[in-house]
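Pulled from TrEMBL:
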- B:18-139: domain 'Response regulatory' (DOMAIN)
- B:159-229: domain 'HTH luxR-type' (DOMAIN)
- B:Asp68: 4-aspartylphosphate (MOD_RES)
Amino acid sequence: MAVHNALEALSLRPTVFLRSPWPWRSLAYLLCGALIGWATVVAVVALLIAGTLLSVLVVGFAGFVAVVLSGIVVARLERRRLRLVDVADLPDPHVPVTTPGVRAWVRVRLREEVTWRELGYAALSAGLLCWMDALVIGGVGYTIIALLGAPWFIDDEPLSNTLPLAMLGVPLTVVLAYPITAWAGARAAMARAMLAPRTDERLVEVTRSRARLVDAFEVERRRIERDLHDGAQQRLVALSMQLGLARLELPAGSPAAEPIAAAHELAKQALTELRELIRGVHPQVLTGRGLAAAVGEVASTAPLPVDLDFDLPGRLPPAVEVTAYFVTVEALTNIAKHSGASRAAVAARLVGGRLLLEVRDDGRGGADPSAGSGLVGLADRAAVLDGTVTVSSPPGGPTVLRAEIPVLSGEERS
Amino acid sequence: MNGDPGAVRRGAAGTGLRVVIAEDGLIVREGVAGMLRRFGHEVVAAVGDADELRAAVGEHRPDIVVTDVRMPPGFSDEGLQAAIDLRAADPDLPVLVLSQYVEQTYAAELLDSGHSAGVGYLLKDRIGEVTEFVDALSAVAAGRTVVDPEVVRQLLGRRRDPLHRLTGREREVLALMAEGRSNAAIARALVVTEAAVAKHIGSLLAKLDLPPDADDHRRVRAVLAYLRG
């Protein structure tokens, strides 16, 4: 059986356990535990005294902050120390601080829940655990020395009485490896419980970074849209206008008339294509007028009639609008391409702080959303906002796509 | 928007309009200004944002304003808002709005913003259709309503249920009416007589339960209002 920590080691066969390094590791763990605990007491008391004395000056405040943050140091030592009795790594739950400077670092740390848990651990360690470490080591040490050293220390008893005591000390010393290892294991489990990253801390961080990524994509799309609008589109409009003017200037029957007309036509086609491209990157009306207006524009260009039923109290957060918009566009595109429907309907309303979006059609159904459609990507995007996209498409129809996205402001989300 | 360059050239002889242009892209702004001058109009100001547009209109009292929807500082709909404000402040000021895309929302806001002077909503690409663009400018300056064919096409697509009662020819006439064309222009575009156009119009208005109205301007509004549902 593979043993990962001191507690598991206790379940080994005694012959294996006693020959293993676990008792010695446990002993070392408890020894340095006691020393660190005492050092913490001394350091914290010193900081508090310094802070109180200097509190007439503002710098004294730093002493108190340092006390609060001392848990971080204690916890960092504890994580390293823990490897003595626990093979499994204990990851650092703190978020990395990207802003340079001590103030920024302190601000981030003070806001983290784990900082306060670590302070709690430091207090528990300095106030109770290190004393118990000392007590266990002291008790075990005293018992061993008292028994083994009995022939030397006890001189008013005959050797026939003290020698058996010393003989008894040998197996007892071996047996005492168990309480040492047990306490070390229990203490390590406690430390792990208090200092391990909470799963949701990691999750929140991952979700935040994904949301940041989506936001960054959106910012980038808007930049591309702006650049295309300010650059290529302007030039194509000007080109098309110049070609139009050139056509007017040509004398009737000029051999240049035909190629210039063709060039004019090509310029106009390029403009049309560019317009569609830009709209697909980021529709201006979505930023300007919101989801209902933007979906209305899409519906009016759809190749089949689309009924709209929007009941929204006002503008939604940009990330929600963009996601809901592209979900709708993708759904309507799929309907037009695959469903054979004669009619589609888009409905959106807010229920209990969630945007409920529904796109349905009267087509033949049997749609497989996983079959390489853009919907999977959109479902991922909705998931970043803690939203879901579900599709129900029984053979024979109707196909109903539902998206649910929580509507929270960016503040609330992060 | 009829395709008769001769009409425009005649305009160049003396009926030039005093125009204020607002467009943030330098190439397009200067291009349009040059084109309008070539057709005998006077560009009294060519500006790059909505605030300058308001100032220029106050200063020059132009015959018509041509503005892009999207302008600095927000690159959203500053030009459209300025156009709506200008129409509210001076109901007799004709305004032609150029849009990067066909946005029914923007078109509706512009058309609903006033009912007196001429108003136009065209796709920016139409600048390339030089003569049609200049004709549209003159039509708006003359108090007519000009709507981009693309807007009309989308509107017709949206309201297909009641429209299926129309004949193909009536639908064509309806689309041209909605673009703001006169009976004469519709007749030219479809190569039929004006009398035939008038007959189609009477018939389609009856089918759609719209009141017959001799005034082109009011009729366009009625048709657009109908199409927008």
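Cβ coordinates come from backbone N, Cα and C, glycine included.
Because the structure is a prediction, the values reported are computed rather than measured.
There are 28 other Cβ atoms within 10 Å of the Cβ belonging to the residue listed as '4-aspartylphosphate'. DSSP places the residues of the domain 'Response regulatory' (B:18-139) in helix, strand and coil in these numbers: 59 helix, 26 strand, 37 coil. Model confidence over the domain 'HTH luxR-type' (B:159-229) stands at 82, taken as the mean pLDDT rounded to a whole number.
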